[in-house]
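Feature list (source: TrEMBL):
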{"type": "REGION", "residues": "1-44", "note": "region 'Disordered'"}
{"type": "DOMAIN", "residues": "164-469", "note": "domain 'Phosphofructokinase'"}
{"type": "BINDING", "residues": "Gly171, Arg234, Gly235, Gly259, Asp260, Gly261, Thr262", "note": "ATP binding site"}
{"type": "BINDING", "residues": "Asp260", "note": "Mg(2+) binding site"}
{"type": "BINDING", "residues": "Thr288, Ile289, Asp290, Met333, Gly334, Arg335, Glu389, Tyr445, Met446, Ile447, Arg448", "note": "substrate binding site"}
{"type": "ACT_SITE", "residues": "Asp290", "note": "active site, proton acceptor"}
{"type": "REGION", "residues": "522-565", "note": "region 'Disordered'"}
{"type": "COMPBIAS", "residues": "551-565", "note": "compositional bias 'Low complexity'"}
Amino acid sequence: MASHIILPPDDADENHHQEDGELEEEQEELGRDDAPQEQPPKAALPFSATCVRISRDSYPNLRALRNASSVSLADAAYVKISEGDYGYVLDDVPHLTDYVPDIPTYPNPLQDHPAYSTVKQYFVNEDDTVPQKVVVQKNSRRGVHFRRAGPRQRVYFGPDEVKACIVTCGGLCPGLNTVIRELVCGLSHMYNVNNIYGIQNGYKGFYSSNYLPLTPKSVNDIHKRGGTVLGTSRGGHDTKKIVDNIQDRGINQVYIIGGDGTQKGAYEIFKEIRKRGLKVSVAGVPKTIDNDIAIIDKSFGFDTAVEEAQRAIDSAHVEACSAENGIGLVKLMGRYSGFIAMYATLASRDVDCCLIPESPFYMDGEGGLLQYIEGRLKENKHMVIVVAEGAGQDLIAKSIATSDQQDASGNKLLLDIGLWLTHKIKDYFKSKKMEMTIKYIDPTYMIRAIPSNASDNVYCTLLAHSAIHGAMAGYSFTVGMVNGRHTFIPFYRVTSTRNKVKVTDRMWARLLSSTNQPSFLSQKDIDEASEADRLANRPPLPTGASHRVASSFEQSASSTSNGEI
């Protein structure tokens, strides 16, 4: 059965037909021998918009689609874009019915569940969508929307046929055990599912170890512990072996908890599942303590990390205040994005300087970091510095010979910016013959190994339940909260770019105002940061397909990120 992409045509393209020779050329590029299919007539879809469903074989301008998009033609088959009135665009997620015909449905068991008997309108309307951009003007387009998460009245799996598996990948993060617990308990208590298994030690566990049976009793108190009871690892992703194992064991729901690299792996697993025509739903729960997953408001574990970072900052402040010209230096997590450092600094109010990967800084000369530290010590007699682990890597590379080594996930191994800064500061004050004391604190593994706090526990529960509802309803997706509402997000949207602190936004300006530190940015740096933000937020969609769709995506990309106001 031909795979489909939902795309509205341009006004100028509605009556346009490609020449036969060009169409044959495009078919050869796609490796297809079958004759072109006629474009089906317009059909009403289950939301207030008139859309056109176009098969990949009959799309009238495949070359333009390929050239205008960073999504390959192979990936374009999984993109479902629908357009409605007033600039409304739905960036939809794949469904089992896209490639498996004649699937039976069942009444949702929740309709007979005593806990939900008094809830009015518990089931989500199929027309419900959530806007990516919440701040609009009077004449704004409605912009990009995502399908709202939640239980549906009809499900595509009977309780007895469900065989679900759960895997955790990548580094540790507060809340992993809570998500595992709520996936198991939610499947069991809400949907009467009995066959639930844990995949041990990350992706490689699919094909290198036995599955671990999970029950509500076996996971009852794991949320009180840090880490993950299933174990985790980086790398080990072999799509064919993983899907072979899923198919051989009869698994039909896969729950994957991990960061952007893990979600990329989930996307590859889904594509192989679809290629084989398997009735399997893949649900991703995004996990990153750095809070750098795109689109979503925040990732679970972030609140806990910021709260725990306060303990390290408080300790650094005590050390700094207790010594003559004392400096407390705290290194926090943030390989590419400095959200933990920024929010911990704003929450603390004791920090004099915050350094993050998104904001370049320099050490020497007029207005440099060393001069600022000297001035602050002369003024206050003590100082606290917070630095994200990914900050200043270019400065270290200039002074120390480095090699581009990577971990198993493909991340570049970072040098210790905290240790390097400590030595640079010591050398500077030694040359000035000025007494000072510096204490370096690195709480990285303490922060990520603790249990999640109350706020994150609630968030993990809601994410797990939303993932269950979506998988039972036949969708494959990454779940996340967008503008305070839980949504089903296409895999490619959360893996195509990384969320970063915008140093041209007001939240960073608030931090500079709080710490009274210089920005260290030239006008050139600011211009480059603005352009980088613009390019990073441009979604990798077939923009050549519709100017209206492209305009809506561009407008949504310009919205503020991560709840900044």
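Backbone N, Cα and C atoms are what each Cβ position is placed from, and that goes for glycine too.
Features recorded in TrEMBL, as mapped to the structure shown.
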residue	record	Cβ neighbours (10 Å)
Gly171	ATP binding site	21
Arg234	ATP binding site	20
Asp260	ATP binding site	24
Gly261	ATP binding site	19
Thr262	ATP binding site	28
Thr288	substrate binding site	28
Asp290	substrate binding site	30
Glu389	substrate binding site	25
Met446	substrate binding site	14
Arg448	substrate binding site	20
Find, among the binding-site residues listed as Gly235, Gly259, Gly334, the one whose Cβ has the highest number of other Cβ atoms within 10 Å in the structure shown.
Gly334
Greatest inter-residue Cα distance in Å for the substrate-binding set Thr288, Ile289, Asp290, Met333, Gly334, Arg335, Glu389, Tyr445, Met446, Ile447, Arg448:
17
Spatial separation of Gly334 (substrate binding site) from Thr262 (ATP binding site) - C-alpha basis, Å:
18
Across the whole of the domain 'Phosphofructokinase' (164-469), what does the mean pLDDT come to? Round it, please.
94
If you measure from the Cα of Arg448 (substrate binding site), which of the binding-site residues Gly171, Arg234, Gly259, Asp260, Gly261 is the nearest?
Gly171
Can you tell me which binding-site residues out of Gly171, Arg234, Gly235, Gly259 are within 10 A of Thr288 (substrate binding site) by Cα, answering none if there aren't any?
Gly171, Gly259
Using Cα coordinates, what distance in whole Å links Gly235 (ATP binding site) and Met446 (substrate binding site)?
23
